[in-house]
Amino acid sequence: MRLAVIGGDGIGPEVVAEGLRVLRAVHPKVETTDYDLGARRWHETGETLPDSVLAELRGHDAILLGAVGDPGVPSGVLERGLLLRLRFELDHHVNLRPVRLYPGVTSPLAGDPAIDMIVVREGTEGPYAGAGGTLRRGTPQEVATEESLNTRFGVERVVRDAFARASRRPRAHLTLVHKTNVLTKAGDLWARTVAEVGAEFPAVSVDYQHVDAASMFFVTDPARFDVVVTDNMFGDILTDIGAAITGGIGLAASGNLDPSGANPSMFEPVHGSAPDIAGQGLADPTATVASVAMLLDHLGHADEAARVEGAVAASLAARAAAGGARRSTREIGDDLATRAAG
């Protein structure tokens, strides 16, 4: 496996180091290349993602990212210049976010709800495509536009991915989330595409929720969801709700995928760089390790992925049974690597 590693800023390098230890515990043949990208590089050079680095990244099987950013970088610089550019250039059109409540993890929701869903979020279109502009900026007549771009090609490929994932799960249920009653043009495209592709997956049951209703049901009845497919912005919001109800953003893993394999997919914890605790051994690497499980699964190493996922579940349950005593980044990494190694 040829793996590009972007430790990034703050706690990013710390959690990535533990993720790599767990990866090597189950898959020793890993060749890594480290890339200095993020806030530190921007402060020193003004660069976010040089073309030469992007070209090198394309030569890897996958990318493991820690976290990027610090308060000194203006909003949007790293988001658009690095993270979104990687998504667009590497065609990461599927953003995959598991939403699972592990045994022993406390949810803020009452009643110990059963939560086990996957959100399949479109990753290269919608309002994040960068279309729009500003007129008469800084004047009382200022106009700002952000256009949501939805193509049949882009919608269909993410919908197909979602149906395929639903067909492999026991419940085989897919929910389209949109706002078809107001966003009638884009909503119609999404709804028709789901209906047409769904005809090819007769074993998958399908329903629809407006995004506002889905937001409520994520909190009041999350067990109703199995696989959710939605556009870029709605998915961005819903998945953070999903993280909040399953133990917090610190346990949330994600994958930015080109399922075709033409480009390396990227895997990362959802949390930020947390510069206030960097270097203190306080960061929990569990989300990074869960992202490593997704990486292995994506590259076809299902058995190794299951071992890492099992290690995450067992470690979280053991920590809960021990009363949730604080452990260092390294200690958690030790535990996860030992469990994964079997």
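Glycine is treated like the rest: Cβ placed from N, Cα and C.
Predicted, not measured: the structure shown is a model, and the values here were computed from it.
If you look up Swiss-Prot, you'll see R87, R97, R121, D212 marked as substrate binding site. Secondary structure from DSSP puts R87 (substrate binding site) in a helix.
Reduced to three states, the DSSP call for D240 (Mg(2+) binding site) is helix. The Mg(2+) binding site feature in Swiss-Prot is assigned to D212, D236, D240; the stated evidence is sequence analysis.
The number of other CB atoms found within 10 A of the CB of L282 (NAD(+) binding site), across every protein chain shown, is 15. Taken from Swiss-Prot, the feature NAD(+) binding site covers G272, S273, A274, P275, D276, I277, A278, G279, Q280, G281, L282, A283, D284.
For Y128 (site 'Important for catalysis'), applying a Cβ distance below 8 Å and a minimum sequence separation of six or more within one chain yields L84, N232, M233, D236. Marked as site 'Important for catalysis' by Swiss-Prot: Y128 (among others).
Taken residue by residue with DSSP, K179 (site 'Important for catalysis') is part of neither helix nor strand, so it is coil. Residues near K179 (site 'Important for catalysis') in space but far in sequence (CB under 8 A, at least 6 apart, same chain), listed by position: G187, H210, V211, D212, F234. Positions annotated as site 'Important for catalysis' by Swiss-Prot: K179 (among others).
Take the Cα of R97 (substrate binding site) and measure to each of the binding-site residues D240, D276, L282, D284: the nearest one is D240.
Counted over every protein chain shown, other Cβ atoms within 10 Å are most numerous around D284 among the binding-site residues D212, D236, D240, D276, D284. Between the CA atoms of L282 (NAD(+) binding site) and R121 (substrate binding site) there is a gap of 31 Å, rounded to the nearest whole number. Sequence-distant neighbours of R121 (substrate binding site) (same chain, six or more apart, CB under 8 Å from its CB) are V94, N95, L96, R97, V158, V229, T230, D231, N232, F234, G235, D236, L238, T239, listed in sequence order. Reduced to three states, the DSSP call for A278 (NAD(+) binding site) is coil. The CA atom of D276 (NAD(+) binding site) is located 28 Å away from the CA atom of R87 (substrate binding site).
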